[in-house]
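Beneath this line is the structure, given in structure tokens, with notes to follow.
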Amino acid sequence: MSRSNRQKEYKCGDLVFAKMKGYPHWPARIDEMPEAAVKSTANKYQVFFFGTHETAFLGPKDLFPYEESKEKFGKPNKRKGFSEGLWEIENNPTVKASGYQSSQKKSCAEEPEVEPEAHEGDGDKKGNAEGSSDEEGKLVIDEPAKEKNEKGMLKRRAGDMLEDSPKRPKESGDHEEEEKEIAALEGERPLPVEMEKNSTPSEPDSGQGPPPEEEEGEEEAAKEEAEAQGVRDHESL
């Protein structure tokens, strides 16, 4: 009876073999439960399983002292994590893996809930730091890109200026040629008028004077009229 009473009295840190349905007797450690869990899990202990780093609430009937049951339940087993659990309970009984953080909320530590929050805060800080470093990296990457783009734009502008500069003399030369052609056309336009002026005396209908044959006929007619007038004057006498 005294032994059975002892089995029911476990304290935080005791090493045991814990039996769960569907699993062999597993190397485990008793963890102290918080006050909130004591009422809901009366007469039960929070157990941390070595190897798997999982936790469960078990009664005294499913717990067996490790040292007394080591020969009986400590035989090798093919279940995943069992061999690791046997090694941890012997060599590192106070192990606290990453998966054990959830059980730390119900462990012997008086500030279990603060630690995960601190870790989360650290994670956020790390995330922010990483984010800021990423942003800085982006800024650093963007600055050379901007410089390259600006240099590329300057090169393009310089190329455009070089391409435009030979075009401008061509355009000015084209304007000069066009002006010469216009001047030549303007110089050629008065020529037909001058030709017309020069050609008018040669035309028979210009009115400058009759041809020589007509002049001779007129002189003969004038002589005949003068002779006829003389005859008339003579007859009148």
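Using N, Cα and C of the backbone, Cβ positions are placed for all residues, glycine too.
What Swiss-Prot records as phosphoserine, among SER103, SER133, is residue SER133.
SER206 is the residue among SER172, SER206 that Swiss-Prot describes as phosphoserine.
Among the ranges 3-8, 75-80, the stretch that Swiss-Prot annotates as motif 'Nuclear localization signal' is 75-80.
Among the candidates SER107, SER202, the residue that Swiss-Prot annotates as phosphoserine is SER202. CYS12 (disulfide bond) is 13 Å away from LYS44 (N6-acetyllysine) when you measure Cα to Cα.
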